[in-house]
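Below: one structure, written as structure tokens.
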Amino acid sequence: MSYHDSSDGLLSDHLRYDTRVFPNTRAVTNALLENGLLTQARLILLDSPLMVATAFTALSFQSFTNQHEQGPEKAFQLSWWFWLLMTGLGLGTTVSIKWVGLFTIAWVGSLTLVQLWVLLGDTKNVTPRLWAKHFMARAFALIIIPVGFYMAMFAIHFLCLVNPGDGDGFMSSEFQSTLNSKGMQDVAADVAFGSRVSIRHVNTQGGYLHSHPLMYPTGSKQQQITLYPHKDENNLWLLENQTQPLGINGEQINGTQAWDNLPEPVFIKDGDVVRLYHTPTFRRLHSHDVRPPVTEADWQNEVSAYGYEGFEGDANDLFKIEIVKQKSLSPVSKERLRTIETKFRLVHVMTGCVLFSHKVKLPEWASEQQEVTCARGGTLPNSLWYVEYNEHPQLTGDNVEKVNYRNPGFFGKFWELQKVMWKTNAGLVESHAWDSRPGAWPLLKRGINFWGRDNRQIYLLGNPVVWWSSTLAVVVYVLFKGIATLRWQRNCNDYANTTFKRFDYEIGTAVLGWAFHYFPFYLMDRQLFLHHYFPALYFAVMAFCSTFDFATARISLGGIRNNPVINRVSAVAFLALTIVAFVLFSPLAYGNPWTKAECNRIKVLGSWDFDCNAFHDNVSNIDAFIPGRGMPERGL
């Protein structure tokens with residue numbers, strides 16, 4: 001994987017060069033000497049393949065644009081189709097690697113709309129029929145192909161990844177049932193008094209209602225109730241009526257097995273009051289006006305397992321079944337308790353609170369399992385439950401209706417995974433020691449500490465020459481565009497000049513790509529890091545390359561355009577400056593030996609928080625470096 005990422009780094013630089021060959025740029029070498037991209041390429045991270053896909057997409061679309069600009073008569077030829085289809089393939093690849101590819105789609109889409117708008121106004125050469133043909137070709141290549149490619153990647157994903165893992169807890173029970181060893185046998189559909197059941201929480205995917213022979217260290221100090229994410233015998237509960245059943249002669253039948261030998265099973269209906277008996281520990285689900293050990297809010301009550309074998313229980317063991325009809329699947333499941341199909345709440349009879357769970361982990365004394373409480377006014381999603389496993393001695397045989405999880409199919413699994421990815425990504429809101437906000441990225445105010453050991457450090461920081469020159473190019477274009485707009489409003493005929501027009505278009509497309517890949521991050525509340533700026537940096541570098549190219553080779557200023565010596569000297573001078581910066585900062589990218597003095601010498605900004613004190617005082621103290629020892633494999 002590390003070799004693959006390194007190859008991606010080289011390939012992205014090559015594609016970046018090919019993309020900027022079109023305007024005959026002479027400053028593309030800065031992309032080859034960008035320390036931040038090098039650091040990412042040396043580690044097993046997604047950013048290197050993302051940059052390859054972004055560069056390939058930009059190259060393909062630039063090539064297609066060149067074909068398009070040759071005029072309507074050149075449209076639909078083999079090379080025209082090739083680069084259009086390659087653009088669509090690049091978009092699909094980019095968005096399949098990271099959702100940042102959606103910004104690339106927005107960039108290509110906006111420029112495509114401009115092309116179609118110009119074609120629509122060309123009434124001399126483009127008929128409505130021909131315009132519709134252009135539209136359909138682009139819709140197929142730039143919408144159908146990327147969407148198809150993206151979905152195909154998930155189809156391969158589902159075919160290859162068929163075993164459960166650490167991440168399956170994020171998925172619904174229906175999704176998990178399609179994984180090896182996660183499926184279950186068909187179980188009885190109807191739930192009756194005396195059924196042995198497992199009960200799952202709906203909203204958090206925290207798992208099963210669970211108890212174990214461990215006590216709360218505070219509060220009532222009774223037996224713990226938690227959510228446990230794995231199948232276990234401690235998840236089994238016996239559903240009892242609030243009163244013991246009567247025999248044929250009207251006598252009361254005692255014991256937890258009393259419902260097994262009734263003439264026929266008594267199904268549990270909406271509004272019935274039940275007791276939940278934990279068969280492994282002989283205690284019943286219980287709640288009372290005692291604060292929970294972690295969430296000590298006034299509206300939260302502790303839930304425990306209380307009692308002993310032979311104990312008849314008390315009123316605090318009583319819970320009412322409240323079926324949530326809009327969440328239940330079938331008409332029957334809205335009236336009585338059904339396995340999997342019925343979604344219900346358990347309302348504590350004595351206090352009116354509802355059995356509740358949320359994404360709060362208990363401490364180590366509860367094995368860090370998820371907290372279960374009884375909440376007054378608890379939100380509906382977090383107080384929803386359903387029966388997954390159901391066994392009853394009288395509900396066996398082939399004539400008993402059975403149910404199981406429905407197979408969600410490809411589209412169901414695909415859509416669910418998109419929602420989980422979105423929710424998980426948006427949930428990364430906690431602060432991180434090395435996070436940064438978008439406002440700091442263009443000026444390279446802060447990097448990311450990836451690894452430190454044995455007086456060496458890998459710290460992600462870009463090449464300041466490349467970074468600041470690309471940001472300067474964006475600022476120059478914004479100023480240029482502002483002045484050009486004012487002059488256009490004053491009827492100045494600047495756009496009659498071909499070079500002026502090409503400068504505006506070529507650099508404008510690059511700056512537009514930068515804007516699409518940069519400004520959306522201001523809308524995100526999640527953790528952000530410097531590497532999120534890399535796709536925007538790619539387009540900023542393209543803007544600088546074009547600006548440098550125009551300034552030294554395509555704009556006539558006092559004869560400079562025709563003076564190859566000045567052109568070459570400027571290119572070599574910038575190249576030398578870039579190389580010097582690359583070499584100076586390379587120990588942070590490679591994790592090479594370094595000294596404190598050398599480290600402090602290049603620390604231009606005080607906000608650069610790599611630790612110079614981690615290095616040796618002088619070269620004589622540096623031990624032989626063992627490549628790869630203790631190197632990190634991490635992603636942010």
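Cβ atoms are placed via backbone N, Cα and C, with glycine included.
Nobody curates TrEMBL annotations by hand; they come from automatic prediction.
Features of the protein shown, as given by TrEMBL:
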type     : residues : note
TRANSMEM : 43-64    : transmembrane segment
TRANSMEM : 76-93    : transmembrane segment
TRANSMEM : 99-120   : transmembrane segment
TRANSMEM : 140-159  : transmembrane segment
DOMAIN   : 188-242  : domain 'MIR'
DOMAIN   : 265-324  : domain 'MIR'
DOMAIN   : 334-390  : domain 'MIR'
TRANSMEM : 465-484  : transmembrane segment
TRANSMEM : 505-524  : transmembrane segment
TRANSMEM : 536-557  : transmembrane segment
TRANSMEM : 569-590  : transmembrane segment
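Tertiary neighbourhood of the transmembrane segment (465-484): same-chain residues 30-31, 33-34, 36, 442-444, 494, 500, 503-504, 507-508, 511, 514, 537, 540-541, 543-544, 546-548, 574, 577-578, 581, selected by CB-CB distance under 8 Å and a gap of 6+ residues from either end. The transmembrane segment (99-120) and the transmembrane segment (569-590) are not in contact, since fewer than 3 Cβ pairs between them lie under 8 Å (pairs 6 or more apart in sequence).
With pairs at least 6 apart in sequence, the transmembrane segment (76-93) and the transmembrane segment (536-557) have fewer than 3 Cβ pairs within the 8 Å limit; the two do not touch. Confidence over the domain 'MIR' (265-324), given as mean pLDDT on the 0 to 100 scale, stands at 94.
Helix first, then strand, then coil: DSSP counts for the domain 'MIR' (265-324) stand at 3 helix, 26 strand, 31 coil.
Cβ atoms under 8 Å from those of the transmembrane segment (505-524) belong to residues 23, 58, 100, 103-104, 106-107, 110-111, 438, 441-442, 473-474, 477-478, 480-481, 532-533, 535-536, 538-540, 542-543, 546-547, 550 of the same chain, restricted to positions at least 6 beyond its ends. Residue counts for the domain 'MIR' (334-390) under DSSP, split into helix (H, G, I), strand (E, B) and coil, are 7 helix, 27 strand, 23 coil. Away from its own ends, the transmembrane segment (569-590) comes close to residues 26-27, 29-30, 33-36, 38-39, 42, 447, 457-461, 463-466, 469, 548, 552, 598-599, 602, 610 of its chain (Cβ-Cβ under 8 Å, at least six residues beyond either end).
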